[in-house]
Amino acid sequence: MKLLYFHHLSFPARGSFHYSSLDRPWQPAKSLYEQEEEEEKKREEVEDVKVDETVVEEEGYVNECERDPCKNGGICTDLVANYSCDCPGEYMGRNCQYKCSGPLGMEGGIISNQQITASSTHRALFGLQKWYPYFARLNKKGLVNAWTAAENDRWPWIQINLQRKMRVTGLITQGAKRIGSPEYVKSYKVASSDDGKIWRTYKVKGTDEDMIFQGNVDNNTPSANSFTPSIEAQYVRIYPQVCRRHCTLRMELLGCELTGCSEPLGLKSGHVQDYQITASSTFRTLNMDMFTWEPSKARLDKQGKVNAWTAGHSDQSQWLQVDMLVATKITAIITQGAKDFGHVQFVGSYKLAFSNDGERWHIYQDEKQKKDKVFQGNFDNDTHRKNVIDPPIFTRFIRILPWSWYGRITLRAEVLGCTEEE
């Protein structure tokens, strides 16, 4: 049986009673048991608050965005003991640290003719001139140097199959002249697909409205548009909307591998300096110093009469080496041949070797066949050939080991990847 304890109640004198909104109506006194239970509950609540404060103090909670972790214009969102970055279209990665705006291969030739298709092809001069889709390469030269849709094609499109899912962050378009008359695409839509069957039209952000991109204003000046957010797809289609005369197009896609770690590391740009590029031997045309095909010339798209590295010997013990100076993640190699006084020369296949100290070397292996991986090289002196390295190599020194060649062993190259700091 519970005992009830009552407090002594005293009332004000007659006529002096005033009830305010702060006064509480009378309630029966709580039992000792109920009072103790309430006090215990209050103590638990206070302890809970203290525990929460302790956790916060122990974990050192701060607003993660105060450290400004998002680079290159990325917008930071603070999360519980974490953060996320909303990156501009041409950047990606946890901190927007990877630039993703390199050419994907229309101009250089990494994208082959077979990867480019279209709704139709224009034929001129009684069918003698054919403006095929695979002519739609940025800055292509010649009399027939672009894709043109057929005159009766009411819904023209041109499509690129990237052969694997990639991140596409932009598009450069260009017109051309046909029979002396400027022709170009004034505006266009973009669609993408993972299988070439189901297509997604690029939308105005936050709406269901198709985005119409502004194209060219003349036949020669390139016009660039970026995709924010970027497109992740294997197939990309361009749908011309308004054209000057015929729908005529040259173009380049911009982007990167889905990993984001696929930027040129500096052979073409010169960021990799001459002393970082060495080789097993060097060839001199006519044995003249002025025609020395030294390793420092092995830079993608290098111009001039002597514009590549050529080995002094034609055997499988030759190599071209790049010292990245720091440990670097290497995800792809691009190779290119050259001409020596009109003679076409290139490397048809090669192996890769890598080292962290420049002394102990490892040959890159084909994981499935458990033997040295032989990469397919070039088939002419000018077209780019890209090989993805999967899994990537994490190393300081990388060597290209020519395995087969045409003419003399001749190389121009670029290394793709990202540094450890990124």
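Yeah, the Cβs are placed from backbone N, Cα and C, and that goes for glycine too.
Because TrEMBL annotations are produced automatically, they should be read as predictions rather than curated entries.
If you look up TrEMBL, you'll see Cys87-Cys96 marked as disulfide bond. The Cβ of Cys87 (disulfide bond) has 25 neighbouring Cβ atoms from other residues within 10 Å, across all protein chains displayed.
The feature domain 'EGF-like' is assigned by TrEMBL to 61-97. Through the fold, the domain 'EGF-like' (61-97) approaches residues 167, 169-170, 226-230, 254, 256, 260, 422 of its own chain, all at least 6 residues removed from its boundaries and within a Cβ separation under 8 Å.
Marked as domain 'F5/8 type C' by TrEMBL: 100-256 (among others).
Taking the domain 'F5/8 type C' (261-418) as a whole, pLDDT averages 96 in the prediction. Feature annotation from TrEMBL assigns domain 'F5/8 type C' to 261-418 (among others).
According to DSSP, the domain 'EGF-like' (61-97) comprises 4 helix, 12 strand, 21 coil. Within its own chain, Cys96 (disulfide bond) has Cys70, Lys71, Asn72, Gly73, Gly74, Cys85, Cys87, Pro88 as residues 6 or more apart in sequence whose C-beta sits under 8 angstroms from its own.
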